[in-house]
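Asker: Handing you a structure now.
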Amino acid sequence: MISLSLLYRILTLPIILVGTTILYFTIGTNFPHDELRHNLLSTLFCSSMLHLSKGLTVKDVRIFFHDSIGSTLLKNRKKLNSENELPNYGEKFTHKYDNQDMPDSVWLAKVNGMTKSDPIILHLHGGMMALPYDKVILVGLSNLYKLFSTTMNRPPSILLVDYSLVSQGYTYPKQVRECLNVYQVLISKGFRNITVLGESAGGTLILSFLYQISELSKLNKVVWPKGVALISPWLDLTNAKKIGSYRANDGLDVICYETLNRFGKAYVNNEESLFTSSVVNINMNCDISIWSKIPPIQDGKVLVLFGENEVFRDEILSWTSKIGLLKAYPNRVLMDKQGIHIGLFLEESPSIGPGMTNLDIWKKKFSVNSLYTFLRETFEE
């Protein structure tokens, strides 16, 4: 049964939508970013996302959000791949085996005649470790592939990892193990031109498995990703306090402290011993002697994108400073002015309203251009 907290949010949603619409046409809403000021539907989507998420529980996610990546791609084929621009769309790569910590993974696009040197984007999605792949993310990724296909003879194939979710009864560290295992399968097949991309919780998983690779490297020879791209990474899952940008940007972003804290603790199965764990909370895991020796970070092959108005802003700036990245490569830590959480997808790649048909215009947007430029440089080196 739906939680009372979410039911209340659903019943009061029309009031929020009416109020947001009035503000949009008068003094402006809480989302002042240029992309949202000129797109009412996207602004309403962001307002709805914030309002509903405040009442969302893990149980609600289990009821309403349960599609696998395969079924999500099938449902959205007309939206994402209407002209068959994404080769081998939906093709399986790995199959789920719980006892081996292996999840399903699926190609959003895989170039024909793929070779070991072809670039690959390994994507880990966000959603507080509880929500599955969302169409909003897939629209942005499909646009990204289409953009690369106009500028590269061999555009990067994009592999989607459908890792196990808290809403399915799976908790830490299964998600980290699954994502690392898919990466290891790619490595075992000889692929080396791999850049790992993740937003929000996906960013956490990337950093967690980089740390695991670092630990493995003490005993064995390892293969590192060629590049790492983090969009609004969630760095403090269970130990955050409602101070700084968590408080200052409350109501200006699409997520809030209370919801994040609730889902973060569910990720560790409410084990209090893990609430202050530096393995779970990457922002507490900031030993510069470790992170500065991880090749993608050491060589500046890492990009961190986040918004000025998002609640994660301060912890992202703090962590990138503590590990030395902000000082060594300031051009790799980029803040979108007045941007919100995962703005590349919510602000610049709307999945509702007017679609992005002009890729030349799309690639000039701040976050898109930053990611595109970084990926292209990484692939071609």
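Cβ atoms here come from the backbone N, Cα and C positions, even for glycine.
So Swiss-Prot says this about it:
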| type | residues | note |
| --- | --- | --- |
| TOPO_DOM | 1-9 | topological domain 'Cytoplasmic' |
| TRANSMEM | 10-30 | transmembrane segment |
| TOPO_DOM | 31-381 | topological domain 'Lumenal' |
| CARBOHYD | Asn193 | N-linked glycosylation site |
| ACT_SITE | Ser200 | active site |
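In terms of burial and nearby residues, how do these features look in this structure?
Answerer: Tertiary neighbourhood of the topological domain 'Cytoplasmic' (1-9): same-chain residues 51-52, 54-57, 59-60, 63, selected by CB-CB distance under 8 Å and a gap of 6+ residues from either end.
With a cut-off of 8 Å between CB atoms and residues at least 6 apart in sequence, the same chain places Ser117, Asp118, Pro119, Ile120, Lys226, Phe379 near Asn193 (N-linked glycosylation site), listed in sequence order.
Under the three-state DSSP scheme, Ser200 (active site) falls in the coil class. Within the same chain, residues at least 6 positions away in sequence whose Cβ sits under 8 Å from that of Ser200 (active site) are Gly126, Gly127, Met128, Ile231, Ser232, Pro233, Trp234, His341, Ile342.
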Asker: Going by DSSP, is Asn193 (N-linked glycosylation site) sitting in a helix, a strand, or coil?
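Answerer: In three-state terms, Asn193 (N-linked glycosylation site) counts as coil.
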Asker: Pop the mean pLDDT for the topological domain 'Lumenal' (31-381) in here, whole number is fine.
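Answerer: Here the predicted model's pLDDT, averaged over the topological domain 'Lumenal' (31-381), is 94.
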Asker: Can you tell me how the residues of the topological domain 'Cytoplasmic' (1-9) break down into helix, strand and coil by DSSP?
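Answerer: Breakdown, helix to coil: 6 helix, 0 strand, 3 coil.
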